[in-house]
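What TrEMBL says about this protein:
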- 6-22: transmembrane segment (TRANSMEM)
- 34-54: transmembrane segment (TRANSMEM)
- 66-85: transmembrane segment (TRANSMEM)
Amino acid sequence: MEFYFFSFLFLLLTTFLSYFVLKTVSKTKKENLGFWFLFVLTLKTILFYAFLHYVLLKNIEFNFDYKIFVCSLYMIFVVFEVYFVSKLLKN
């Protein structure tokens, strides 16, 4: 149960952090927002992998159900980030 909670919490916090970073960047550099979105998304992917591999998986056996959960949860948060970027581009 702790695996689900910590994965969700980590992705939620990084999504809000990336939204605030992109919101700050969009005020100054409107033309490079796509680059910053890809940069933040790549950084988030690397951090999430490191978080899974080095923090959670040392103590928890990683079975097939966890893989499905992690992939679907990660894709849901990617959709949220795409929504945030489209919202920022409209403003």
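Cβ atoms are placed via backbone N, Cα and C, with glycine included.
Annotations in TrEMBL come from automatic prediction, not curation.
Counting residues 6+ beyond its ends, the transmembrane segment (6-22) has Cβ neighbours under 8 Å at 33, 36-37, 40-41, 44, 47-48, 51-52, 55-56, 69-70, 73-74, 77, 80-81, 84-85, 88 in the same chain. Residues 3-4, 7-8, 11-12, 14-15, 18-19, 22, 33, 37, 40-41, 44-45, 48, 52, 60 of the same chain lie 6 or more positions beyond the ends of the transmembrane segment (66-85) yet place their CB under 8 Å from a CB of it. Within its own chain, the transmembrane segment (34-54) has Cβ neighbours under 8 Å at 7, 10-11, 14-15, 18, 21-22, 25, 70, 74, 78, 81, 85, counting only residues six or more beyond its boundaries.
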